[in-house]
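Annotated in TrEMBL:
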{"type": "TRANSMEM", "residues": "B:12-34", "note": "transmembrane segment"}
{"type": "TRANSMEM", "residues": "B:40-61", "note": "transmembrane segment"}
{"type": "TRANSMEM", "residues": "B:81-105", "note": "transmembrane segment"}
{"type": "TRANSMEM", "residues": "B:117-135", "note": "transmembrane segment"}
{"type": "TRANSMEM", "residues": "B:147-164", "note": "transmembrane segment"}
{"type": "TRANSMEM", "residues": "B:184-203", "note": "transmembrane segment"}
{"type": "TRANSMEM", "residues": "B:215-238", "note": "transmembrane segment"}
{"type": "TRANSMEM", "residues": "B:268-289", "note": "transmembrane segment"}
{"type": "TRANSMEM", "residues": "B:309-329", "note": "transmembrane segment"}
{"type": "TRANSMEM", "residues": "B:335-353", "note": "transmembrane segment"}
Amino acid sequence: MNPIDIATIRKKLGNSADIVFKEFNIQYDNRVQTVNLIYAEGFVDTNAVQDFVLETLMVDLPKLDTDKHPFLDFMTVGDVQELQSTDMMYHDLFSGHVILIREGTEILSIAMSGIKDRAVSEAMTETVSRGPKEAFTENIQTNTALIRRKIKNPNLWLENLRIGKMTQTNVSIMYINGIVTDKIVDEVRSRLARIDIDGILESGYIEELIQDAPYSPFPTVYNSERPDVIAAELLEGKIAILVDGTPHVLVVPALFISFMHSAEDYYQRADISSLIRILRFVGIFIALLGPSLYIAITTFHQEMLPTQLLIGLAAQREGIPFPAFIEALIMEITFEILREAGVRMPRTMGQAMSIVGTLVIGQSAVAAGIVSAAMVIVVSITAISSFVVPAMNMSISIRMIRFLLMGLAASFGLYGIILGIIVLVLHLCSLRTFGVPYMSPFGPYIAQDTKDTLIRLPHWAMRKRLRLINQNNLTRSKDKAPGPERR
Amino acid sequence: MLEKGKISHRQLTVLSLLYTIGTSILIVPSIMSVFSRQDGWIACLVGVVADITIIFIYSALSSRYPKLSFVEYSEKILGKWLGKAVSLFFMSFIFLLSAFLLRVVGNFMTTHIMPNTPIEVTIILFILVVIYAVRLGLETTARAGEIFLPFVIVLFLFLTVFLLPQIKIDRIEPFLEEGFKPVILGAFYYFNLQEQVILLMLVPYSNRPDKARNALLVGTSIGSLIIIVTVLLSTLVLGTEFTQRNMYASYTLAKQISVGNFLQRVEAMLAILWLITIFFKTAVCMYALSLGTAQTLQLKDYRTLTLPFGLLLVFLSLIVYDNIVSFISFTPKVFSLYATIFMVIIPVLLLSIDTLRASLKKEQSS
């Protein structure tokens, strides 16, 4: 190896002030040698460097019999690696390693990470009333540990990759060997390997790059920030993709139905969670079709309403200057603006907005004769219903499609809505996620896999894994529940 | 292979079920009561028996060439030019049938659901959805069928159960008032409205073509059962005269539902059910049409044909008959005879020629 010139390294790093260079002499191999220590400020634990590296080199080394062992052996730190070239050095340097260069020939990379990470805290987006509360953090090592803590099995395999020409982001693929289908793992690997991009700052980048249907409004990659959800998905034979720097872990293949499931469904008793799921599907139905059905019925099919209600509605709509569609559009867009503002706004402003939202938009709009009270009810129910979808990205898709259906309802009534739904279902059926049909187990219908879809059967009844995802290892358990022994 | 997708045995069953319900659930009750009066359901039953018999012939034909579609083996059996001619003739039948289906959608929508929307708009909208389905391929359409099937069944059961209180049994009496003749006539017309022969275009793409007969039989039987129940209910609830006068008797039937004072005006459910089934029937026809034409003319892709065919169908459906009156007289009197050529004569001829040739070959070789 060519002698390493510290000045060149310094120049390559642009003399950046946060990179610390230290040069000192040690007694090794019966002579005085020069050692260069390089680390990035804020990345390493300086106390640890002092205690384990400097102390070893300056205090302990002269006392030891140094000629028999390689330099590497004297490091009193666990994770030490000898690097072959300076190129590999930079990634380590910015991952919290201390780089030690002896005599310009030997490069050691010592893990001394002291980055201040956010502590493991409660999940913000996917909240449950029963079940573990912890969520992933921004640190990929913490995240893998959180998953491993749930699945203590040597078959839980992890593969590391670096993606992003500039950012060199750590990305890991995690799966359970023996459950996962190798074909799908290969597909994930090859798609990740083909990524050519400058930077990966969040798992959303990867999701967008590897998803099956880039032009579909529906997500074909699942994500979660809960370790228990990821562990459950891994146990179903899916593959997790962890990205350093984000608490959102991706899961593929993602079936349509899994976006409708919440972690809590599996922690509550089966009957409760089944009923909650049915409720959720009712909510999704309202979120998707509420305003469009209202528009279609009030505009085209008044005969479908009971007379009393019809008279009431007509009386309300008497002073309204807009057709139902425009009215609905005004209210829906107002709501979307309120929602978006609520997300972006500083927390302290929340109260001000709820006053504006309820009083101004709700009450005054009706009083001013811009929208009818019935429309406010419809839009509010729809808005609330759209939040029963546990997955945020699916909830947004449903909201987007709602606007299309509203347009169809306004122009073609129920006929338009039905044709819209047929197109929607056709589109959903045409999607695939990493080779698995998106709508399975409904289209194609697989009876055995429907046990955990619209309802959830008890754990003792779900003794088989999903057939299309786990092609070779289907049996989850063989025996029924160990209830009281029957005599 | 033009179609790379494979559908499962179950999907073929589902498609043939939806195909059988198709238009029939809406228009059959009226036609049956016109010809067979209160014995319409017996006529249907006889028609179903004929249907099932002919499916045995179809499956005998397709089992001789399990990997080929109807168009492909007609070429094999009759030789290149005659085979192609028969195929194109067969395509013209599907083409005409599709136009009829479109017109029925247009007519129903403009008379009952969207009276102020021009018929052209409803037809164009519908054919666009059908074209989308055909372009996505057979697999996708079959999966969508599986998803819609439970809704169809639930809607149908819902309508049936809530009509039960209004049944008056004496409305189907007397049995066979005028002997068997009107029943047989009705059965003949019913039989010709079930164009099961077109399903032969799908059979080679199921994953078990050898078991296709089962799929077609099960699908057709369940579908026919639903139609027979509808015909029976129309007669039992509306009575013969009223059913005769209503072109869309089952829609009128759904209007009769009134439970308590809150469950009323649910006829939209029947419209939804029927729109779904006729969508699948039209999609299967359109698919068979594009695929069959592409196979006959040896094109590389059948999808390119969907748009031009769709355009032609829109115009044909607008001129295919002048008005409802001519439709009512045309469908039984002309169309059923025309359909018989394709549903009975051509398949039977193909089968007998092929069997004859096979036995001749056997003799020669031995």
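Going from the start of the chain as shown, residues are counted 1 onward.
In case you wondered, yes, glycine gets a Cβ from its N, Cα and C as well.
Among the stretches B:40-61, B:147-164, B:215-238, B:268-289, the one making the largest number of Cβ pairs under 8 Å with the transmembrane segment (B:117-135) is B:268-289. Counting Cβ pairs under 8 Å that are 6 or more residues apart, the transmembrane segment (B:215-238) and the transmembrane segment (B:309-329) reach fewer than 3 and are not in contact. Using a cut-off of 8 Å between Cβ atoms, the transmembrane segment (B:147-164) and the transmembrane segment (B:309-329) share fewer than three residue pairs, counting only pairs 6 or more apart in sequence.
Here the transmembrane segment (B:184-203) does not touch the transmembrane segment (B:309-329). Their Cβ atoms form fewer than 3 pairs under 8 Å, with each pair 6 or more residues apart. Remote same-chain partners of the transmembrane segment (B:268-289), defined as residues 6 or more beyond its termini with a Cβ less than 8 Å from a stretch Cβ, comprise 15, 18-19, 21-23, 25-26, 91, 94-95, 97-98, 101-102, 104-105, 108, 112-113, 126-127, 129-131, 133-134, 138, 141, 145, 148, 151-152, 155-156, 158-159, 195, 198-199, 201-202, 250-251, 253-254, 305-306, 309-310, 313.
Taking Cβ pairs closer than 8 Å, the transmembrane segment (B:81-105) reaches residues 22-23, 26-27, 70-71, 74-75, 122-123, 126-127, 195, 198, 275, 278, 281-282, 285-286, 288-289, 292-293, 295-296, 309, 312-314, 316-318, 320-321, 327, 331, 335, 338-339, 341-342, 346 in its own chain, all 6 or more past its ends.
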